Amino acid sequence: MTRIELRRPVIAAWAALAAVPVVAMIVEVLRAPRLHFLDYWQILSYASNPDGSLSIGGLTKLHNEHPITLSGLLFWLDARILGGSNNVLGILNIVLVGATVFALYRMLPARLDLTRLDMTKKAGLVTAYTFLLYSSGALEVFGMSMSGASFLLGIVPSVFAILCAHRGRTIPALVLAVVGSLGHGTAFAVWPALALVAWLRRDERWRVVTPLAAGVVIIVGWLALPKPVTTPGPGGAFGFDTVLAAAAGALSPLRITDGAPVAMAVGALVAVTIIGLGVLTARDRDAEHAGWLGVGTLALGAAAMIGLSRVDYGATIGLASRYATIAGLAGCAALTLVVLRVRALNATAAAALACAVAGVTFAAGSPEATNVRNQYPNQQLLAAAMRVEANTVVASNRTSPSVIGLTRAMHAYPFSGSYTLDCGGAEIGSRVTLASVRTLHGSGNGGHIDSGPVRGGTPIVGWAVVGNERADCVIVVDRVGTVVGGGYVDVARPDIPSAAGLPEQRSGFKAVADPRTTGGVVLVRSGGEFYQVSAPG
């Protein structure tokens, strides 16, 4: 048996381990809601004319002071061609991060000698990259795809630009850096990173100066664009320490807000590691490690921008899960520089360190992942509110009612043929035979509308238990049984067991009806039957 054949089982084992977070994230994206979140709608409105056609001028606007050229075009294509799918963009984000892992892999030394990594070190590092970039704490990047796409369209081209510069391919690096700068403001940090890589490689002077000059031109152009009116954040008084804390949080692979001081300390350690080992790399003018210092510089620059621009949201803003990609990149750069520069680390120790970092950061991100998942159900309420034009409810979900007409014109979800209330075939505009509706009387049954008499255009909140179990779904009908709204069930109601003597603790529901509705009736479905929920009266 040859040496390569002996290695094949080892390679397969490492590959299987590296695939774990990728597969887990694919599953998460597929179970995420179809309806897009938050800023998607605002950016889509910039990129679109009222009739749904592409607005070229809108692509030059800034959103939260960031360029939206690429994200605006992507969101418009998603709405126009794909009918608006959070899941599809989530899969695209998975592919983009996979491309980033590939770029990082290609930046690693290939052969085993005194200055290069052997197979075990390389496998351990690549495994760590997947766990850091597909971390559970990064779920928002994929499950709420508009958040991830906005960042990734800036970061991913920037990483490939650094890879090109690492290999001395300056022109492709500059082109990719321009692409990244059109994607997101955090990509502006790629320009000094490219210059640093060229300097470490002892490239010709023009390869060092050109990225710096191009970066200045990009920033001047950005400054010349009209800035949107922004509202100061709720962070209160702040100082230089707040900026540092926010930046450290953005660099921390430990994505925990409940233990913010610990997470910030980890982020500071990552920064110190990159800077410290970067100084050694600069002292030696080490070309082999140039790209990794470039990636570290990109992450440090992006984190600094977050700390400076978002400091009014408080010291913990850097730990927001939407910044997890930057933290993952910083972790990848710091870990790789340690393995490359600390010669005392043998292959086994390096692989063990990589696995430890991967495991700890992935496990620690679980609470943040739970926070993201808890936001999923409300998208069903928002979708129903958009369909029936319940503008008050739409606005309360941080979505402008003005996007309803645009979404309808583009036939994008929830105005596409794929929209459904997922409640036994009942859809908005269809009819339920009220004579067949059952009551919630009898042992093991119960329910109540806590928000008062059913009124259209306002949130309808209550609970229902059928046979000691939560209902399957909820709809709202008018006096004659026409379906005029819907929502979601499975809302935590830990008060019901003691208040009503029923064991189910997730019996709550939230719904909304057409604003023109008067005398509406709330129905829940269980076991193939509809049940009427009583209103106070």
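Any Cβ shown, glycine's included, is placed from N, Cα and C.
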From the ranges 5-25, 320-340, pick the one that TrEMBL records as transmembrane segment.
-> 320-340
Ranges in play 29-48, 289-308, with TrEMBL marking transmembrane segment at 289-308
Between the stretches 126-143, 173-200, 347-365, which one has more Cβ pairs under 8 Å with the transmembrane segment (289-308) than any other?
-> 173-200
Same-chain residues at least 6 beyond the ends of the transmembrane segment (173-200) with a Cβ under 8 Å from one of its Cβ atoms are 65-67, 69-71, 150-158, 160-162, 164-166, 207-212, 214-215, 218-219, 222, 281-282, 285-287, 289-291, 293-295, 297-302, 304-306, 326
